[in-house]
Amino acid sequence: MLSSKGRVVTNAIFGPVARTLVRAGVSPDTVTVTGTVLTVAVALWLLPSGHFVAGPLAITVVVLIDSVDGLMARMLGRSTRWGAFLDSTLDRVADAAIFSGILLWSIGAEETWVLGTALACLVLGSVVPYAKARAEGLGMTASGGIAERADRLFVALAAVLAVGLGAPVVVLVVALGLLALASLYTVGQRMAAVHRQTRGDVGETA
């Protein structure tokens, strides 16, 4: 839900940055890889150590800057299948690092409920994009849903920040629990969408 609105904001704010990088000869792929490396480093450094204010704020900045690669590709007029594949794959790596950072903190803090809900988000968060990718690989569509990537990151980082600012840990538990349920619902939505498109198919494939 936030993806389309966030894209408009990103274009307005980071358009000048993208143009500067293009003029400097930096490639979109370089920005993609750099953004992912920074996200992973920040997430696995700050979150496990309980830096719940600096962590989510730094990750938000890095993730927003990482979105510049798409702007650059459009400016250069060379959006490629490789670039799309690289961006999507590394997004999964970055997402996994963020939820792993929360999970690692929960182990050290002995917060069992955070551990369980963070693990659920980590697993289901990987199934959501897989369902879409698999559908597209079969020539169908399965986009949309109530828990797309931007939605998942916003909820998770906002909850972490709230705890960092003094809210009880139960806020994080509830947020991650609702996020896991929303992700599960989104998987169901995408499966239903594919099922509708396959009605009338003869035979079954594994």
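Cβ atoms here come from the backbone N, Cα and C positions, even for glycine.
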Among Asp87, Asp95 - the residue TrEMBL places in the same Mg(2+) 1 site as Asp66, Asp69: Asp87
Pairwise Cα distance for Gly70 (CDP-1,2-diacyl-sn-glycerol binding site)/Asp87 (Mg(2+) 1 binding site) [Å, integer]: 9
Cβ neighbour count (within 10 Å, all chains shown) around Asp29 (CDP-1,2-diacyl-sn-glycerol binding site): 17
Val31 (CDP-1,2-diacyl-sn-glycerol binding site) as reference: those recorded positions from Asp66, Asp69, Asp91 with C-alpha within 10 Å of it: Asp66, Asp69
Most Cβ neighbours inside 10 Å, all chains, among the binding-site residues Thr30, Thr32, Thr80: Thr32
